[in-house]
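Some features that TrEMBL has for this protein:
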BINDING   Gly166, Arg167, Ser168  NADP(+) binding site
DOMAIN    6-121  domain 'Tetrahydrofolate dehydrogenase/cyclohydrolase catalytic'
DOMAIN    140-277  domain 'Tetrahydrofolate dehydrogenase/cyclohydrolase NAD(P)-binding'
Amino acid sequence: MSAQLMSGTALARQIVERCALRAQALFEEHGVRPALATVLVGDDPASVTYVTMKRNRSAKAGIDSRLVRLPAETTTAELVAAVRALSDDPGVHGILLQHPVPAHIDERAAFEAIAPAKDVDGVTMHSFAAMAFGEPGFASCTPGGIIRLLDAHGVELSGRQAVVVGRSPILGKPMGMLLLARDATVTYCHSRTVDLASHLAAADIVVAAVGRPEFIKGHDLKPGAVVVDAGYNPGNVGDVDFAGAMERAALVTPVPGGVGPMTIAVLLEQTVDAAERVLFNL
Ligand code: NAP
């Protein structure tokens, strides 16, 4: 079997183009330009690359981007204060705190300093709870983008066995919640899971969110499975052995060009949503 590719590039482009039209209308009709503030602590090269990509795409979508760069020695209190200042700034509609922050910082405290109305990356406990309860709010961007990708490729979720490998607060956990909300039967696997192979062998849909290059092999997969590789490791390598998955699965996301562009597209879309909500009291 040779799987079909589930590319995110074209779909993400369409989403960004729609954002650009909405952002243009907000500016022309109301004089408001959606603004996304990005906070980057330290100079981790991968984070610098992600932030640069997000700022470039923002510019293409007509979204103002403001960068707050803080040194690696920044304390939790200093970071929380910087994020609160953005939460209080009426000129900022969305806030992105680039993950991960240096290990000495309490990342959760910093995320929680983001006002829920500006949590366009969907990282606060408020956003998670809203998503889990099916209430209005901002989705966690990567899981939100993955659902959009699955929908665009006509993947039926209801009643299917979905296995999410990884349970991080920004990726694995919210991913499972969104799949559950779509009536999939969801299993979370993680570093303490016993017999990961048996879970993968039964999975109709696999989401890999581990952060280990080619951790999931083609022979681990159920024939005909749908495979979403959210991993991104140095050298453009995902968490799934791409060639092996293409042999065995029905649909596979490429790395790069799969989940990554969707994450940014959802971030920009939610920034425009945030600006509209303020302007129109939604
Ligand atoms: P993370 O916080 O390090 O979480 C990794 C998860 O993998 C943890 O839940 C961990 O389990 C689990 N894990 C580790 N070893 C395992 C094993 N042997 N078997 C099963 N599970 C195992 O990472 P993350 O932030 O979620 O990111 C995961 C990957 O996604 C990374 O490659 C990252 O670069 C990528 N990512 C991509 C995007 C995008 O836009 N494309 C966005 C975010 C992240 P425990 O909880 O038990 O430790």
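Keep in mind that glycine also has a Cβ here, set from the backbone N, Cα and C atoms.
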Among the binding-site residues Gly166, Arg167, whose Cβ has the fewest other Cβ atoms within 10 Å? Arg167
Quick check: which same-chain residues outside Gly166, Arg167, Ser168 lie with their CB within 8 A of the centre of the NADP(+) site CB atoms? Val164, Val165, Pro169, Leu171, Gly172, Lys173, Tyr188, His190, Ala209, Val210
Run through the domain 'Tetrahydrofolate dehydrogenase/cyclohydrolase NAD(P)-binding' (140-277) and tell me, per DSSP, how many residues are helix, strand and coil. 57 helix, 24 strand, 57 coil
Averaged pLDDT, computed only over the residues in the domain 'Tetrahydrofolate dehydrogenase/cyclohydrolase NAD(P)-binding' (140-277): 97
CB contacts under 8 angstroms to Ser168 (NADP(+) binding site), restricted to the same chain and 6+ apart in sequence, sorted by sequence, are Ala209
